[in-house]
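Visitor: As annotated in Swiss-Prot:
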ACT_SITE  His178  active site, proton acceptor
BINDING   Val16, Asp37, Lys42, Tyr68, Gly82, Leu83, Ala121, Thr122, Asn123, Ser146  NAD(+) binding site
BINDING   Gln85, Arg91, Asn123, Pro124, Val125, Asp126, Asp151, Ser152, Ala153, Arg154, Thr232  substrate binding site
BINDING   Arg156, His171  beta-D-fructose 1,6-bisphosphate binding site
MOD_RES   Tyr223  phosphotyrosine
Amino acid sequence: MKKGINRVVLVGTGAVGCSYAYCMINQAVAEEFVLVDVNEAKAEGEAMDLSHAVPFAPAPTRVWKGSYEDCKDADLVVITAGLPQKPGETRLDLVEKNAKIFKQIVRSIMDSGFDGIFLIATNPVDILTYVTWKESGLPKERVIGSGTTLDSARFRYMLGEYFDIGPHNIHAYIIGEHGDTELPVWSHVSVGIQKLQTLLEKDNTYNQEDLDKIFINVRDAAYHIIERKGATYYGIGMSLLRVTKAILNDENSVLTVSAYLEGQYGQKDVYIGVPAVLNRGGVREILEVELSEDEELKFDHSVQVLKETMAPVL
């Protein structure tokens with residue numbers, strides 16, 4: 001790693017990976033950006049195309065098609081490789097197929113001498129982040145999954161539409177599995193500086209029934225998009241960019257990534273979406289917010305589902 005030069009390696013140049021790559025070049029987040037794919041011609045073509053966008057970016061980025069050897073000097077390796085989710089298929093259905101692929105990828109990366117941070121996006125992301133941690137031998141703080149960052153963004157966007165407030169001023173989180181057992185933390189939602197419950201009590205224009213429908217749309221958003229266009233990639237591309245910036249810029253920002261629990265929320269030995277402080281070292285700390293009794297039960301269920309699904313592939 002050259003002094004003052006950030007290098008990010010992307011493994012997987014499918015729709016998600018390339019959406020992330022375009023975001024990275026567009027915002028000039030790193031000085032060096034390397035694309036790695038089993039289809040080397042595809043990776044080379046994407047690198048060429050992205051390079052031609054560099055003159056329009058706010059700062060130059062050197063982009064090239066590389067190999068696992070380029071991970072040796074990387075600050076961050078982002079993995080989006082793997083089989084995509086098909087219509088009607090849950091994220092957990094992918095576990096055995098993608099776990100096998102991941103073990104090979106992670107071993108190849110570690111053989112290069114990589115000693116940076118992993119950011120995982122491939123589904124089922126919580127389980128594959130755990131697999132990456134186990135295979136890599138890196139500290140848990142430096143293996144991170146995209147978790148429920150996208151779900152939380154969808155949640156804020158849809159709540160913003162409902163309340164006619166910009167999503168940046170909606171403070172709301174989805175936690176748990178990035179999938180069917182995720183849950184909204186209603187007890188900590190605020191619109192601007194006003195708590196959600198206070199707003200509901202003051203204005204009967206809004207009601208919990210509508211809010212419950214919003215969450216269902218958040219939870220099932222990927223299914224709706226996949227039915228219509230075959231895959232989701234813009235939202236997750238921006239989510240990965242946001243996590244990348246939090247890490248490389250040493251922001252100490254709070255994002256709901258997939259992080260390793262060792263007692264927080266009463267759970268151990270699982271990667272799952274929770275609010276965490278991210279900086280140059282990875283996960284600085286996990287923020288343990290007080291959940292309602294119902295939220296606790298749903299979170300515990302989410303953990304249990306992940307552990308049961310994960311057991312056969314470890």
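Each Cβ is built from the backbone N, Cα and C atoms, and glycine gets one as well.
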Visitor: Taking the Cβ of Gly82 (NAD(+) binding site) as centre, how many other Cβ atoms lie within 10 Å?
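Guide: Result for Gly82 (NAD(+) binding site): 25 neighbouring Cβ atoms inside 10 Å.
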Visitor: Among Gln85, Asn123, Thr232, all listed as binding-site residues, which has the most CB atoms within 10 Å of its CB?
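Guide: Going through Gln85, Asn123, Thr232 one by one, the largest Cβ count within 10 Å is at Asn123.
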Visitor: State, in Å as a whole number, the widest CA to CA span among the NAD(+)-binding residues Val16, Asp37, Lys42, Tyr68, Gly82, Leu83, Ala121, Thr122, Asn123, Ser146 given in the record.
Guide: 24
Visitor: Between the recorded positions Lys42, His178, whose Cβ has more other Cβ atoms within 10 Å than any of the rest?
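Guide: Buried the deepest by this measure is His178.
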Visitor: Compute the C-alpha separation of Asp151 (substrate binding site) from His178 (active site, proton acceptor), stating it in Å without decimals.
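Guide: The separation of the Cα atoms works out to 7 Å.
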Visitor: When the Cα of His171 (beta-D-fructose 1,6-bisphosphate binding site) is compared with the Cα of each of the recorded positions Ala153, His178, Thr232, which one is closest?
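Guide: Smallest Cα separation from His171 (beta-D-fructose 1,6-bisphosphate binding site) among Ala153, His178, Thr232: Ala153.
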Visitor: Quick one: Cα separation, Gln85 (substrate binding site) versus Tyr223 (phosphotyrosine), in Å?
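Guide: Per the Cα atoms, Gln85 (substrate binding site) and Tyr223 (phosphotyrosine) stand 9 Å apart.
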Visitor: Do any of Lys42, Asn123, Val125 (binding-site residues) have a CA within 10 A of His178 (active site, proton acceptor), and if so which?
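Guide: Correct set: Asn123, Val125.
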Visitor: Show which residues of the chain containing Ala121 (NAD(+) binding site), separated from it by at least 6 in sequence, have their CB under 8 Å from its CB.
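Guide: In sequence order, the residues whose Cβ lies under 8 Å from that of Ala121 (NAD(+) binding site) (at least 6 apart) are Val16, Tyr20, Val78, Ile79, Thr80, Gly145, Ser146, Ile236, Leu240.
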